[in-house]
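Trainee: Attaching a single structure in structure tokens format; questions to follow.
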């Protein structure tokens, strides 16, 4: 059997389909680093079932799929096919050629095939396991495998021999049986619990079944009595219900008549109420008109007084020319009055809005009465109102011009100032950003220093933790060994009556593994003591004392020659002569059969096996299971030596830990310092960035403010133009209106009530507008005056110039105030006349409302009497209705209860009820009570108890049968596990002895003059023992692997692998640069081993060494161009003759 070919498609760097054809012998794969040579090894391991991504040098299994490189796109799957020549039938399959295919997709799905047929991973593993190829893949020695073998635990090294011995499939069988046993135990526990539970349920369920039979009879009696009682009660309640329904009909007739009487009285009351409702608005309107005219008269009178006072006030005022300080004080007073004037203006404007609403109503009514007359009145009123409005508008326009001019000057100054501020803040922002950028350049070195210091601190902490763990482990080992020694010492003889005596077992030094043999050969002497020649008898002395005769000679039974494979037992111990004399006739043999042969050849001899079986002439003694004093002493000696080593290690570790603590502390200080420096830098950088951001924000705000000021200046200039135009227009309109003849008047004789109403509200409107305009003028004048006084404080010359203009303005104001006063006096006379007529109308409507209210009161009394009669009828009806409803409810409740108790419809019970002769409801109820009491005495009855009892009993029988079957199956599984353990023990033991024999020879080949051997960590337990490796190269005394050089470690690991190969040959082996650490001499020795292996197995070697290439039968060259895809070329060679 050998590997015939390997085909890779999309596996790692093999993007294109690549087939490598192998031949028996040595196949060498060469190529530069990184070209994909080791990917061939990974492909072999992967196709044979490797499940560990790390073993394939990846992070996850999907990494085996070509990920794309250069111009090649990633592939969606990886596929590897391995073809094996099986002419010798090494694989347990009826094919001379076997192809194994493994395929994997990006989504993680995998497929396996054997000769093109779908298969499972387990099928492939079991197919290869008989050839010594298993999970450990010991036939594939990849990069890092050598180090893994040397650094692995002894128990892990055991797996390589198990795999070569074909133990793994038996282990899987055992594990499968153990898993079944574990799952079966849960089923067994569950069946046991269920069986016990059903057993507990059977007895009480039997009692329930008996009670159910008795309950059936009593329940029949209860049902009969309940049916009779229910029929009687239903018949009685049904009769009562019919009587109450007849009474309810009669009460309903009376209620209907009373309701009609109430409706008639309410209709009469409603008619009277409508008359009252119609009269009340008329009276209310007359009353409202009287109140409004009264208020209007007061307002007109107030207008006359205000106009007279204003005319008088204006005429008396004289402007004397402002002094700057006096003007400033006046401005402050004027500003204090602005707020009060604003409130007054708002109140006046609200009042004006209310009056305007009234004017519109009055105009609408007057227009309907006399349109022509109202137009003339409105024309006169509008003209008079226009004079006042235009005067106010002219003053406001002039004041608006002055305010606009002041706003233009202020906006221009503010615009210039904001432009200068924006320029300064922009310069500050640029400087702040420059400082922040220069400071940011220091971040890189500081961050690198911090990262480096933190990494060093973490490494130091990790190292310190590791050392402390090792120190604690050493201390625990010391404590464990000390306790073990104390425990073993306690099993020895406690005290002896003479200090010259010494337990015999403590005087022996026995080779490892020979303790049981020596103990069996000594027999009763294992408990003896040894001492100088003296009298050691009497009470308190040990039963057996061996006299220490140091002067005597050691001797053996004289025999011609010992059989091959045997030796004198004394050759394996160091002991006093007296003890050696006791064992002088004992031969150490390898087996019981050999022991009988030795004794048969010379009956004087005794033969003992390493496991403690002692054979003499005609007798045999099997070793005991307990520890003998000899074994205890040997264990104490081993533990004492280990304790000394452990204490030495702990002492060394203490110094190492102290140094590591100092280093860790120094690293922590440096890391903290670097972190603090970084934080300080970040704080400074944050401050600079905040300053830059703040400066930028201020600059942006100043630019925004400057733009707003520019817009404000433009708006102020526009307002100034509009104000000047409005002032010119107001002055022109006022001049034209003053030229209009105001002499015509309207006669009051033709006016009716509507005209008078209109005049009244117009007068109110005029007064309100005058007051509103006056209040707003006062506000504006106060504001303007305050602003003007502040501006004019430094301009006395300008004040002097404007004095004459102000004088002329006051003169015109006096003339306008006199005109308003005369017009208001005329309106006041007309309002007084309208108020008198409104008073008469108010009195007439009030009397009409009083008569309507008396009628409504009379009808209300009649309605009250009718409602009392209706209430009495309703009460009587409700009483009868309540009784009828109660009867219905009782009947319904009785029907529900009867149906629930008997299960028969209530109608059926009532119709089928015929009172029996001599029937007494009292006696029937007593009979029912007695039956119910008997039923209650039975307690809770399970009506399904009989059926449940039968079903439960059947289930109990079934589960009992199942429980017996599970117990038998569990016993069979235990038997299978024992058989598998025996098989594993046999296979491993045989393989171990072969590997143990081969290792020294292979080691001597690689290390001429050196010595190496393999040892079991626990020879007494071959199922779990580990394997230790001892190697002593020539010229060195050390045996510890950790003290060997790199090349020596490599050769030692290869020696172990080759020993396994020789002991249990495999059809092929794969070596991935295993000779990289070897010099030429050692390389030649390794190649010599390769040539020996070539005779029985196929070797696939990944190498860079030319001597290795020289011995190859086939040479494969692996290369990779810039596209990242591996390509392969091959050359068949003839090995160089040495």
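In case you wondered, yes, glycine gets a Cβ from its N, Cα and C as well.
Quantities reported herein were computed from a predicted structural model and do not represent experimental measurements.
As annotated by TrEMBL, ATP binding site applies to 32, 33, 34, 35, 36, 37, 38, 39. Under the heading coiled coil, TrEMBL lists 167-215, 664-740. According to TrEMBL, the feature compositional bias 'Basic and acidic residues' maps to 793-808. Under the heading domain 'RecF/RecN/SMC N-terminal', TrEMBL lists 2-1126. Positions annotated as region 'Disordered' by TrEMBL: 416-450, 775-808.
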Trainee: Mind looking up the mean pLDDT for the coiled coil (167-215) in the predicted model?
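Mentor: The answer is 76, the mean pLDDT of the model over that range.
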Trainee: Most Cβ neighbours within 10 Å: which of the binding-site residues 32, 34, 36 is it?
Mentor: 36
Trainee: Could you give the number of helix, strand and coil residues in the region 'Disordered' (416-450) as assigned by DSSP?
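Mentor: Going through the region 'Disordered' (416-450) residue by residue, I get 33 helix, 0 strand, 2 coil.
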Trainee: Non-local Cβ contacts of residue 35 (ATP binding site) (under 8 Å, 6 or more apart, same chain)?
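Mentor: The answer is 1118, 1119, 1120, 1126.
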Trainee: In DSSP terms, helix, strand or coil for residue 35 (ATP binding site)?
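Mentor: It is coil.
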Trainee: State which of the following binding-site residues has the fewest other Cβ atoms within 10 Å around its Cβ: 33, 39.
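Mentor: Comparing Cβ neighbours within 10 Å for the binding-site residues 33, 39, 33 has the fewest.
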Trainee: Using the Cβ center of 32, 33, 34, 35, 36, 37, 38, 39 as the ATP site position, which other residues in that chain lie within 8 Å, going by their Cβ?
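Mentor: Apart from 32, 33, 34, 35, 36, 37, 38, 39, the close residues are 13, 31, 1118, 1120, 1126.
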Trainee: I'd like the Cβ neighbour count for residue 37 (ATP binding site), meaning other Cβ atoms within 10 Å of its Cβ, all protein chains included.
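Mentor: Around residue 37 (ATP binding site), other Cβ atoms within 10 Å: 24.
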